[in-house]
Each structure stands twice: as C-alpha cells, then as structure tokens.
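Student: Taken from TrEMBL, the feature domain 'Deacetylase sirtuin-type' applies to 1-251. Here TrEMBL flags 24-43, 103-106, 190-192, 216-218, Ser234 as NAD(+) binding site. Annotation source TrEMBL lists substrate binding site at Tyr68, Arg71. TrEMBL lists His121 with the feature active site, proton acceptor. If you look up TrEMBL, you'll see Cys129, Cys132, Cys150, Cys153 marked as Zn(2+) binding site.
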Amino acid sequence: MDLTEIDSFDISADHLRKVVALTGAGISAESGVPTFRGEGGMWRQHRPEELATPQAFASNPQMVWEWYLYRRQIIAQSNPNAGHDALVELEKVLKDRFILITQNVDGLHRRAGHKNPIELHGNIFLNRCNSCSERYPDDTLDFDKLPPLCLNCQGQIRPDVVWFGEGLNHVTIEDAFLHSQQATLFLSIGTSAVVHPAAALPVVAKDSGALLVEINPDRTPITSLADAVFTDSSAQVLPDLVNKIKQIETKSKN
Ligand code: OAD
C-alpha cells in the first residue's frame with residue numbers, strides 16, 4: 001500500500017454520505033496517555049491478565065483499583081489534542097452523518113466536546129457494582145478503602161470498563177457494526193486493530209463498500225486492506241483531513 005498525501009487523497013462528496021471513525025489509544029498518545037501496545041505501551045510493563053481481567057479483580061481487587069486510579073490520574077492531567085478537536089469539528093460539519101466509535105476509556109472525546117461517542121470498552125471514570133451492576137458516580141463512593149463497596153448490596157465496586165474475557169454491551173456493539181456496514185468512508189485511527197470485536201469493524205466497513213482510511217505510524221492487520229494510509233500522527237493528519245472534508249462539503253452545497 002502506498003502512503004497517501006492529503007493533497008492527493010481522492011475523495012468525493014459521495015464518500016461523505018456517512019463517515020464512521022474508529023479510534024484507539026493512539027489518538028490519545030499525544031495527550032500524554034500511554035498506549036497499550038507498541039513503543040512505551042502499557043502492556044510492555046504489565047501483563048493484561050494480571051490487571052484487566054475479572055480473575056485479577058476477584059483475586060486482588062485492591063491492586064486492580066490502584067492501577068485504574070493511577071491511570072485515571074494520568075488521564076485527568078491530560079487534555080484532548082488536535083486530533084480529538086478535529087473530530088469534534090467533523091461532527092459539526094457532517095452532523096448525524098458522522099459516527100464516532102472509540103475503544104478508549106479515557107473520555108477525551110467527550111472532554112473535547114464530542115456529544116455522543118460510542119464507547120465500546122466503557123469509561124474509566126464510571127463505576128459499577130460487580131454483583132448487582134448498580135452504577136455510581138465517584139462522589140457517592142468511599143475510595144479510602146479499596147475496593148469501594150456497593151451502597152445497595154455491599155458488593156465490590158469495579159471500574160465500568162470491559163476487561164479481557166468479557167463481552168461488550170450487546171446494544172453498543174450491534175450499533176457499531178450497523179454503522180460500520182453503512183459507512184461510505186471509514187477512518188481507522190490510532191488502533192493496532194488486534195482486539196476483537198472492534199478490530200472487525202474496519203473490515204466490515206470495507207466489505208460493505210466503504211473507502212477505508214488508516215491513520216497510524218505503524219502497520220496493522222488492516223493496513224493492506226486500506227485504500228489510503230497516513231503514517232503521520234493523528235494530531236497532525238486529522239486537522240488537515242477534516243479541512244479537506246469541509247472543503248468538499250462546502251463545494252457540494254454550492
Ligand atoms: P494499542 O495500544 O493496541 O494500539 C495503539 C496504536 O496507536 C498502535 O498501532 C500505534 O502504532 C498507534 N499510535 C501510536 N501513536 C499514535 C499517534 N500519535 N497517532 C496515531 N496512531 C498512533 O491500542 P488500541 O488499538 O486502542 O482494551 O487497543 C485496543 C484495546 O486493547 C484497548 O481498548 C484495550 C486494550 O488492551 C481493553 O482494555 C478491553
């Protein structure tokens with residue numbers, strides 16, 4: 001696959017009938033939030049099965065919580081970057097013809113101003129009871145002793161995220177597949193595209209006729225499928241790409 005320059009990237013108004021973006025940890029890298037895989041990735045220092053599994057929580061909930069609180073701290077100190085901002089701009093231009101699906105639990109898309117991202121893996125700042133599933137905002141829980149306990153059933157409270165070996169919310173993932181099937185342009189941004197079911201979304205989009213664009217400095221399993229590949233960082237590529245889309249949209253309306 002040849003690498004693409006924004007100027008020579010060939011898209012038309014027809015590709016903008018429905019645009020779907022799937023983001024991964026790479027979009028938040030330039031905000032200072034470590035990715036999972038690759039250089040500096042968190043899974044180089046920690047084993048997923050020791051920290052992000054139901055088994056880990058069952059055997060050592062305090063350790064799991066400490067790791068999540070540490071990650072929360074890093075995220076709380078970071079801010080959305082130009083890549084997140086560009087996607088908010090895209091939503092303003094395309095309105096309900098743009099759908100944002102993210103694997104990230106950092107909430108940076110919302111903080112940038114995105115109204116309703118599909119958060120496939122949950123949100124690190126939300127909590128739920130591991131026994132009765134009741135959800136709790138932080139200020140209702142006591143974090144002095146970990147894990148916090150459920151006010152209803154005294155069950156253990158856990159981060160409201162999806163762990164390895166757990167299923168995704170049915171409605172959420174069905175929605176994501178439906179939107180991907182309908183996409184005319186699909187942007188795969190900053191994801192290693194190895195964790196399923198999210199990794200299947202770009203493939204489904206491409207099989208259903210979408211133009212598939214990847215933004216990632218490294219090759220992934222979908223690189224060879226992509227119609228265009230941008231290897232600069234998402235904070236560099238997305239503002240230019242969104243500008244180009246805006247120009248096409250404006251022209252098509254005149
Ligand atoms: P990964 O850490 O697996 O992949 C991040 C990708 O971002 C890599 O392919 C990098 O090359 C790329 N990247 C790094 N910096 C970038 C930048 N500035 N601009 C663009 N791309 C950049 O993260 P995900 O694919 O999101 O799941 O991982 C998927 C899931 O696996 C996560 O949601 C999490 C994880 O373990 C759960 O916790 C369930």
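In case you wondered, yes, glycine gets a Cβ from its N, Cα and C as well.
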Student: Rank aside, I only need the closest one: which of the binding-site residues Tyr68, Arg71, Cys132, Cys153 has its C-alpha nearest to that of Pro217 (NAD(+) binding site)?
Tutor: Arg71
Student: Only counting partners 6 or more residues apart, tell me which same-chain residues put their Cβ under 8 Å from the Cβ of Ser28 (NAD(+) binding site).
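Tutor: Sequence-distant Cβ neighbours: Thr35, Ser78, Asn81, His84, Asn104, Asp106, Leu108, Gly190.
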Student: Just to confirm my parser: what is the rounded mean pLDDT across the domain 'Deacetylase sirtuin-type' (1-251)?
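Tutor: In the predicted model, the domain 'Deacetylase sirtuin-type' (1-251) has a mean pLDDT of 94.
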Student: Which residues in the same chain, at least 6 apart in sequence, have a Cβ under 8 Å from the Cβ of Arg71 (substrate binding site)?
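Tutor: Looking at Cβ-Cβ distances below 8 Å from Arg71 (substrate binding site), excluding near sequence neighbours, one finds Ile124.
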Student: In sequence order, what residues of the same chain, 6+ apart, have a Cβ less than 8 Å from the Cβ of Cys132 (Zn(2+) binding site)?
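Tutor: Sequence-distant Cβ neighbours: Cys150, Asn152, Cys153, Gly155.
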Student: Using the structure shown, find which entry in Gly24, Gly32, Pro217 (the binding-site residues) has the sparsest Cβ neighbourhood within 10 Å.
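Tutor: Among the binding-site residues Gly24, Gly32, Pro217, the sparsest Cβ neighbourhood within 10 Å belongs to Gly32.
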Student: Going by Cα-Cα distance, pick out whichever of the recorded positions Tyr68, His121, Cys129 is nearest to Gln103 (NAD(+) binding site).
Tutor: His121
Student: Show, in sequence order, which residues other than Cys129, Cys132, Cys150, Cys153 on the same chain lie with their Cβ within 8 Å of the centre of the Cβ atoms of the Zn(2+) site.
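Tutor: So the additional residues around the site are Asn130, Ser131, Ser133, Glu134, Leu151, Asn152, Gln154, Gly155, Ile157.
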Student: Which residues of the same chain, at least 6 positions away in sequence, have a Cβ lying under 8 Å from the Cβ of Cys129 (Zn(2+) binding site)?
Tutor: Arg135, Tyr136, Cys150, Asn152, Cys153, Gly155, Gln156, Ile157, Arg158
